[in-house]
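So that you can see what the record holds, here are the features copied from TrEMBL:
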REGION    1-55  region 'Disordered'
COMPBIAS  15-27  compositional bias 'Polar residues'
COMPBIAS  29-51  compositional bias 'Basic and acidic residues'
REGION    82-114  region 'Disordered'
COMPBIAS  82-98  compositional bias 'Low complexity'
REGION    170-230  region 'Leucine repeat I (LRI)'
REGION    249-314  region 'VHIID'
MOTIF     280-284  motif 'VHIID'
REGION    330-362  region 'Leucine repeat II (LRII)'
REGION    468-542  region 'SAW'
């Protein structure tokens, strides 16, 4: 899950084609994805979890195969797209964008689907190896046909390999776990078999586990097909128009309270901290469309005793311009218009830069102003010491402390994926997004094309990035609240407890959503979850 507009839009290819390397591809049939297999011989170096290799006994030279993307109403399995800059998509915050709401019924499009065919090299040798590995030498397969042997392996004796891998029949979650474990252990035979089996069970219009499985499988295929800095450059997909993307973000914002929770709690903490002040400076490290600040501007304008002079510094990577439909000047004009209509003295300072590129001079701090800093679903994109010796994550926190802010708000996903090796990270991704997909499932029908598009463009690419990428290419690097607490404490911050007013406001908000959502306050920190899984934590610091 990401909050805010995408800082990693898909690159639009002129021929709308997407290269896959000749190791696996998905073939669409009856809302299922069948994965055609051949030999895997990939070497993946990871700064996070050491070297990973998928080897076969027959070394192959892979040539890029192309599959043409076509429109489909039900099926989506799409390639990953990356950027070395921030990597996020989020719904609108604060007040909805009326200019997009009025056209939402006309901006949804069918998700793309991929149909890719690959050639199989030395298949018979591989199948013989697979026979001995899975069925044992006691089974006599006399046919010289690779197709007959594959049928014997997968169709005639399905319980053999399931028993060998400890997988119960019909248990999709166990199958997803086993596939990730096989990749982590460099088990080429189990990986090929499990990818093929998974491809027959997943569906983007199925239940939550089927939908999540589709995107996790895409991450595995992308991980095996390419590596390092070449991953996202080698995989391309059609990008929705900016109006479509905005409609997907708005839909996700409306059906999932996670984003409203984060923005409302941050606004509440800021409003309380700047109460009675006459010169206010808000610094937002990923302003996106600026929607989070509309309600706060209106509240400040109506303040007894008159409105304060308000400055907002909006930081955002220039890549977000695609979802926004233009540069930060659009945000500045929009917020100026809202402030003017309310009678609030207002100034906007645009900083078109990725968060890790921001320096003290960009913030244009003035003497006498009260500073509030907002990190909403953003700081986990900033690389830390595990990625670069520069450790921009801690540098940014220390830099903010040096300007003596009245309050700093932090909203982040409660997930441990930053420095975790591949398989623990894979399991964390599975568990976290299972809860998220379950929460989406109760909000919209499974065959709703808007839901499929929102999941694809606003959630799924984060999943693919977590599974497929390593090093600087992996920009989804979440940490648990305990780690964030330690980082802020080392920079000299202390907790700024959120008020009971904020807690009560969010409790009221949750009453309009499913009863499985949970809100808990511990030591002035708010935790929002689905059933027993905490998904988002909101805190404030001074």
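Quick reminder: no glycine exception, Cβ is built from N, Cα and C everywhere.
TrEMBL labels come from automatic prediction, so no person has curated them.
Against the region 'SAW' (468-542), stretch 249-314 has more CB pairs under 8 A than any other of 170-230, 249-314, 330-362. The region 'VHIID' (249-314) and the region 'Leucine repeat II (LRII)' (330-362) are in contact, since at least 3 Cβ pairs between them lie under 8 Å (pairs 6 or more apart in sequence). For the region 'Leucine repeat I (LRI)' (170-230), the number of residues in each DSSP class (helix H, G, I; strand E, B; coil) is 46 helix, 0 strand, 15 coil. Mean model confidence for the region 'SAW' (468-542) is a pLDDT of 94. Taking H, G and I as helix, E and B as strand and the rest as coil, DSSP gives the motif 'VHIID' (280-284) the counts 0 helix, 5 strand, 0 coil.
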